[in-house]
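Engineer: For reference, TrEMBL lists these features for the protein:
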- Gly23, Lys24, Gly25, Gly26, Val27, Gly28, Lys29, Ser30: ATP binding site (BINDING)
- Cys195, Cys198: [4Fe-4S] cluster binding site (BINDING)
Amino acid sequence: MEETAGERANLAGVRHILLVLSGKGGVGKSTLCTELALALRHAGKRVGILDVDLCGPSIPRMLRAQDSAVHQCDSGWVPVFVGQDIALMSIGFLLERPDDAVVWRGPKKNALIKQFVTDVAWGELDFLIVDTPPGTSDEHISTVEALRPYQLLGAVLVTTPQAVSVGDVRRELTFCRKAGLQILGIVENMSGFVCPHCFECTNIFSKGGGEELAKHAGVPFLGCVPLDPQLSQSLEEGRDFIQEFPKSSAFPALTHIAQQILDTSQRSS
C-alpha cells in the first residue's frame, strides 16, 4: 500500500526517532522512556512518546495523563500533551475503562501500530521515543517496518543486571541486527540500591551484566541506573523526577544517558 501525503506529513516534522527495546518484561523500558523524555525536555527539546506496548500501556500513568482523551483533527489523531513540550500517544487513551484488557490477535495489533505511526499529528518534534513491549515478535516487526521510511535514529536496549535478563536482551540484539537497526547502546537498570541514609550501594540483582553484554557485543554501554525510591515515587505520582530530584542517585545516570542520545543525534544530523 502506497504512503499518502498525509501520512508523510504527520512524521515530516520529527527529526529523530528512538526505539527503546528489551527482550525481557519488567526491566524498566517505560521508566527509561519517561525519564529520557523529561531530560530531553529540560535540555530544550520538543519530545513525543509513542507507546506501542498495547497490552501494558504505562506511559499515561507515569506522566499523569491517564484521564486525558485523544481528539481528531484534519490530519488524524491529536496527541495528548504534557505541558507544551511532551506529546503522547497510547492505547491507554483509547480504552473505555482503565482496567480493560486488550485481547487482540496479531493482525489487529499490527494495524493499530501502523495507524499510530501514520495517523498521529505529531507536529514539530526533536525526538519521538517509542516504548515497545517485551520480545521480538509481530509488534516489533510492525513497528520497525512502519518507522523505517522516517528518521530512525536507532535503538536503546534495557536490561537488569542478572543473567536471565541479559540473556533475553542478547536475543534483542540479534533482532536489531536482523532488522537493520542501529544499536545506540545498552542501559543497565536497577543496578544496585543506594541507601538514602548511609549512601552505601547494595547490588540486589548482582551487577555488571549490561556492561559485559555491551562489551561482548561491541556496542556502547550508556550507563547504570540504580534503584531509587524517589524515582519510583515520581513515576507513581506522575511527577517530573528530573526537575524535582536533582540530588537523587539516579539523576546523574539518567541525564548522562540523555546527553549521549543528544550527542548521537547531533552527529547524525
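Here the Cβ of each residue, glycine as well, is placed from N, Cα and C on the backbone.
Unlike curated records, TrEMBL annotations are generated automatically.
Show me how these features fit into the shown structure, please.
Structural biologist: The Cβ of Cys195 ([4Fe-4S] cluster binding site) has 11 other Cβ atoms within 10 Å, all protein chains considered.
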Engineer: Of all the binding-site residues given, Lys24, Lys29, which has the fewest Cβ neighbours within 10 Å once its own Cβ is left out?
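Structural biologist: With the binding-site residues Lys24, Lys29, fewest surrounding Cβ atoms within 10 Å: Lys24.
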Engineer: Suppose we draw a 10 Å sphere around the Cβ of Ser30 (ATP binding site). How many other Cβ atoms does it contain, all chains included?
Structural biologist: 22
Engineer: Just how many other Cβ atoms lie inside 10 Å of the Cβ on Gly25 (ATP binding site)?
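Structural biologist: Neighbour count, Cβ to Cβ under the 10 Å cut-off: 13.
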Engineer: Here the binding-site residues are Gly23, Gly26, Gly28; which one has the lowest number of other Cβ atoms no more than 10 Å from its Cβ?
Structural biologist: Gly26
